[in-house]
Amino acid sequence: MHEKVRDSFGRPLQDLRISVIDRCNFRCTYCMPAEVFGPDYAFLQEEFLLTFDEIERLAKLFAGIGVKKIRLTGGEPLLRKDLPKLIKRLASLDGITDIGLTTNGIHLTKQAKALKEAGLQRVNVSLDAIEDNVFQKINGRNVSTKPVLKGIIAAKEVGLEVKVNMVVKKGMNDSQVLPMATCFKEQGIPLRFIEFMDVGSTNGWNFEQVVTKQELIEMIGNVYPIEPAEPHYFGEVAKRYCYIGSDVEVGFITSVSESFCSSCTRARISADGKFYTCLFATEGTDLRALLRTNCSDNELLQVIQDVWRYRKDRYSDERTEESAKNRAKIEMSYIGG
């Protein structure tokens, strides 16, 4: 076990998000709009994706310098063939205490049991509306909520810890905030509202479309009073609340209205092996090239540590500054949310 590595602001490296694929079976307007990610879009070919051996090797190195939690993302990670085999390998690594997955839930019904048996502990399911007419417009594939809701139930039944994520955008699905809160309060499933963010350069973001945490709290609190809950750990992303008189949680991810850059402990690896230190990054460090040129573990580790030590990212603090406004940022579907 090497010494924990900290960045230039003293933030430790604790969480690793690994994108296993850049493809998705949805075309959500805020992430992979169909007019950009159309039939001719050049997704990564299989030979450019990190192999399971390469992912395991990197995860082991990250675990050795303080990473405890791994989250698998995409694209849609359940499109990656044999994903439970990767999870089993990651779950066996010394130092890794938590493995999660973010998914649109379409394939959860079929895969939940195998994922759980492989060592997956928790799953976050993206669902941006409870009413089909709204959800179908958002996902761009005319898919109803039914398979997603079935996937959520399947995940719970096999013993996975389940949370639901909802990106809220004014004029798109803000009408769904209360129906979603009602649905998942009744089911006892934590729901996390995510402020619409300017990730990437293709989702047409502007601040006027953001529904802030304070607005969401007022919308929900008028019907279901809520109170703040204590954070579980340093670097926790969601601001957690509980419905009064209940232990059911609701959370808010406030990248726009209340930056959490000062406590960000997350690194990201894209499906083709680039190492990013911020969700809003403009460039990454190519670890795949090192993996495929007989680079030693010590050499790889030195690169990883150096990148993190020199990390100065605080985009959400700088969002309104002129220098941040025209940055060409990496797309969320490529880097993982």
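Backbone N, Cα and C define each Cβ position, glycine as well.
Together with Tyr30, Gly75, Ser126, Swiss-Prot lists one candidate of Met197, Met219 for binding S-adenosyl-L-methionine, that being Met197. Going through Lys150, Lys156, Lys163, Lys213 against Swiss-Prot, the one listed in the GTP site together with Arg17, Arg71, Thr102, Arg266, Ala267, Arg268 turns out to be Lys163. A simple way to gauge crowding: the CB of Cys261 ([4Fe-4S] cluster 2 binding site) has 16 other CB atoms within 10 angstroms, across all the protein chains here. Taken residue by residue with DSSP, Cys261 ([4Fe-4S] cluster 2 binding site) is part of a helix. Mean predicted confidence for the domain 'Radical SAM core' (8-227): the pLDDT average there is 94. Spacing of Arg17 (GTP binding site) relative to Cys264 ([4Fe-4S] cluster 2 binding site) is 13 Å (Cα to Cα, whole number). When the Cα of Arg268 (GTP binding site) is compared against those of the binding-site residues Gly75, Ser126, Cys278, the shortest separation belongs to Cys278.
Spatially, by CA atoms, the binding-site residues Ser126, Met197, Cys264 include one closest to Lys163 (GTP binding site), and that is Ser126.
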